[in-house]
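Student: Once you've had a glance at the structure underneath, I'll fire off some questions.
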Amino acid sequence: MRIGYGYDSHAFAENRKLILSGIEIPYELGLKGHSDADAVIHALIDSILGALALGDIGSHFPDNDSKYKGISSIVLLEKTVSIMEEKNYEISNTDITIILEKPKLRNYIDTMRENLSKILKTDIENVSIKAKTNEKMDSIGRGEGIAVHCVSLLKKTK
């Protein structure tokens, strides 16, 4: 068993879609970033790579590489899952906390969990997602962006 921790944050931006866990969430703002800026998937990727002691998302998918400009983070997660499988590991479980003031995610959590479980090739019961506010404190509390924390436990397949 190996455990990894991931974190990501992005500022909100106009004229962008809000993509979280590969799902488009209706909102007037999206997240600023080189790719689709899916902070949930980015934190998840970092937790998997961290568990494998293989660095972080930027070392595998650099934001100064034009081939990743606007890319769906689902593609990056699929590549990360392939790396994990090549190392003979699979997800035991992952626990994700999304911190933002708006929009409220309650109605999207189950769809987000289902989408991630398919990409991770694991049962939905192994994927936990929670959404919290920052109680109006700091830049996230002022609604300027989002932060995501993720911990993943990997188990050997062989």
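These residue numbers are counts, starting from 1, taken along the chain as shown.
Heads up, the Cβ atoms here are built off N, Cα and C, so glycines get one too.
Copied straight from Swiss-Prot:
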BINDING   ASP8, SER9, HIS10, HIS34, SER35, ASP56, ILE57, GLY58, PHE61, PRO62, ASP63, ASN64, ASP65, ARG142  4-CDP-2-C-methyl-D-erythritol 2-phosphate binding site
BINDING   ASP8, HIS10, HIS42  divalent metal cation binding site
SITE      HIS34  site 'Transition state stabilizer'
SITE      THR133  site 'Transition state stabilizer'
Student: If you compare CA-to-CA distances from ASP63 (4-CDP-2-C-methyl-D-erythritol 2-phosphate binding site) to each of the recorded positions HIS34, HIS42, THR133, which comes out shortest?
Tutor: HIS34
Student: Which of the recorded positions HIS34, HIS42, THR133 has its Cα nearest to the Cα of ASP65 (4-CDP-2-C-methyl-D-erythritol 2-phosphate binding site)?
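Tutor: It is HIS34, whose Cα lies nearest.
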Student: In Å, rounded, how far does the Cα of PHE61 (4-CDP-2-C-methyl-D-erythritol 2-phosphate binding site) sit from the Cα of HIS34 (site 'Transition state stabilizer')?
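Tutor: So the Cα of HIS34 (site 'Transition state stabilizer') lies 10 Å away from that of PHE61 (4-CDP-2-C-methyl-D-erythritol 2-phosphate binding site).
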Student: Here's one to test understanding: among the recorded positions HIS34, HIS42, THR133, whose C-alpha is closest in space to the C-alpha of ASP8 (4-CDP-2-C-methyl-D-erythritol 2-phosphate binding site)?
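Tutor: That would be HIS42, the closest of HIS34, HIS42, THR133 to ASP8 (4-CDP-2-C-methyl-D-erythritol 2-phosphate binding site).
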Student: Taking the Cβ of each of the recorded positions and counting other Cβ atoms inside 10 Å, which one has the highest number: SER35, THR133?
Tutor: SER35
Student: At a 10 A cut-off on CB-CB distances, which of the recorded positions HIS10, HIS34, HIS42 has the highest count?
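Tutor: When each Cβ's neighbours within 10 Å are tallied, HIS42 leads.
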Student: For ILE57 (4-CDP-2-C-methyl-D-erythritol 2-phosphate binding site), write down the residues of its own chain that are at least 6 apart in sequence and whose Cβ falls under 8 Å from its Cβ; none is a fine answer.
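Tutor: Correct list: ASP8, HIS42, ILE45, ASP46, LEU49, LEU76.
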Student: So, in DSSP terms, is ILE57 (4-CDP-2-C-methyl-D-erythritol 2-phosphate binding site) helix, strand, or coil?
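Tutor: Once the DSSP labels are grouped into three classes, ILE57 (4-CDP-2-C-methyl-D-erythritol 2-phosphate binding site) ends up as helix.
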Student: Give the helix, strand or coil assignment DSSP yields for HIS42 (divalent metal cation binding site).
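Tutor: HIS42 (divalent metal cation binding site) sits in a helix per DSSP.
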Student: Given the binding-site residues ASP8, ASP63, ASP65, and counting only Cβ atoms in the protein chains shown, which has the most within 10 Å of its Cβ?
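Tutor: Output for this query is ASP8.
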Student: If I take the alpha carbons of THR133 (site 'Transition state stabilizer') and HIS10 (4-CDP-2-C-methyl-D-erythritol 2-phosphate binding site), what is the distance between them in whole Å?
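Tutor: Computed Cα spacing between THR133 (site 'Transition state stabilizer') and HIS10 (4-CDP-2-C-methyl-D-erythritol 2-phosphate binding site) is 15 Å.
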Student: I'd like the number of other C-beta atoms within 10 A of the C-beta of PHE61 (4-CDP-2-C-methyl-D-erythritol 2-phosphate binding site), please.
Tutor: 20
